[in-house]
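Worksheet: the structure to be examined is printed underneath.
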Amino acid sequence: MASTKPTDQIKQLKDIFARFDMDKDGSLTQLELAALLRSLGIKPRGDQISLLLNQIDRNGNGSVEFDELVVAILPDINEEVLINQEQLMEVFRSFDRDGNGSITAAELAGSMAKMGHPLTYRELTEMMTEADSNGDGVISFNEFSHIMAKSAADFLGLTAS
């Protein structure tokens, strides 16, 4: 396996950070951090997330800025972690049947049916409404990443109440 240069890893980490900074404020909340870690294949419990946040949060503001994340994670990041992001893109592409960079309702319905999970019209509408955050009628890779992150956060029991 070819080695990845640290500058490439930082760029990839910045892209990942931006994808999970759901409110685009330049920092990650506990929920956003949990979703990011889950996407990297790291599966900490809720109490571990709190502890990790406290350790990473060097300026004590209760959230993680990109530079804090780099200091904490770069020594441990490896190609295997970055491959998980590639796998997410592969899943997205499998739904994006025409390869135009977005998933339509028809593509979502077709893919779900092909996987043995046909959707009712209502289920399809609810899924599209939840995932399509900008309301353009299709799901972009960013929206897909966010919905996958939200699913991971829900799974971890870290949803905001």
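Glycine is treated like the rest: Cβ placed from N, Cα and C.
Here is what Swiss-Prot says about this protein:
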- Asp21, Asp23, Asp25, Ser27, Glu32: Ca(2+) 1 binding site (BINDING)
- Asp57, Asn59, Asn61, Ser63, Glu68: Ca(2+) 2 binding site (BINDING)
- Asp96, Asp98, Asn100, Ser102, Glu107: Ca(2+) 3 binding site (BINDING)
- Asp132, Asn134, Asp136, Glu143: Ca(2+) 4 binding site (BINDING)
- 8-43: domain 'EF-hand 1' (DOMAIN)
- 44-79: domain 'EF-hand 2' (DOMAIN)
- 83-118: domain 'EF-hand 3' (DOMAIN)
- 119-154: domain 'EF-hand 4' (DOMAIN)
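This view paints the features noted in Swiss-Prot onto the structure.
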| residue | record | DSSP (3 states) |
| --- | --- | --- |
| Asp23 | Ca(2+) 1 binding site | coil |
| Glu32 | Ca(2+) 1 binding site | helix |
| Asn61 | Ca(2+) 2 binding site | coil |
| Asp96 | Ca(2+) 3 binding site | coil |
| Ser102 | Ca(2+) 3 binding site | strand |
| Asp136 | Ca(2+) 4 binding site | coil |
| Glu143 | Ca(2+) 4 binding site | helix |
Round to the nearest Å and give the CA-to-CA distance linking Asp57 (Ca(2+) 2 binding site) with Ser27 (Ca(2+) 1 binding site). 10
If you average the pLDDT over the domain 'EF-hand 2' (44-79), what number do you get? 80
Residue numbers, six or more beyond the limits of the domain 'EF-hand 3' (83-118), whose CB comes under 8 Å of its CB atoms: 12, 15-16, 39-41, 124-125, 127-128, 137-141, 144-145, 148
Can you grab the distance from Ser63 (Ca(2+) 2 binding site) over to Glu107 (Ca(2+) 3 binding site)? Cα atoms, rounded to a whole Å. 37
Applying the rule Cβ within 8 Å of the centroid of the Cβ atoms of Asp57, Asn59, Asn61, Ser63, Glu68, what extra residues of the same chain belong around the Ca(2+) 2 site? Ser27, Ile56, Arg58, Gly60, Gly62, Val64, Glu65
For the binding-site residues listed here (Asp25, Glu107, Asp132, Glu143), which one has the lowest count of neighbouring CB atoms within 10 Å of its own CB? Asp25
Near Ca(2+) 4: residues not in Asp132, Asn134, Asp136, Glu143 with Cβ within 8 Å of the site Cβ centroid are Ala131, Ser133, Gly135, Gly137, Val138, Ile139, Ser140
Counting across all protein chains present, how many other Cβ atoms fall within 10 Å of the Cβ of Ser27 (Ca(2+) 1 binding site)? 20
Minimum Cα separation from Glu107 (Ca(2+) 3 binding site), reported as the residue among binding-site residues Asp21, Asp25, Asn61 that achieves it: Asp21
An 8 Å radius from the center of the Asp96, Asp98, Asn100, Ser102, Glu107 Cβ atoms defines the neighbourhood of the Ca(2+) 3 site; name the other residues of that chain inside it, in order. Phe95, Arg97, Gly99, Gly101, Ile103, Thr104, Val138
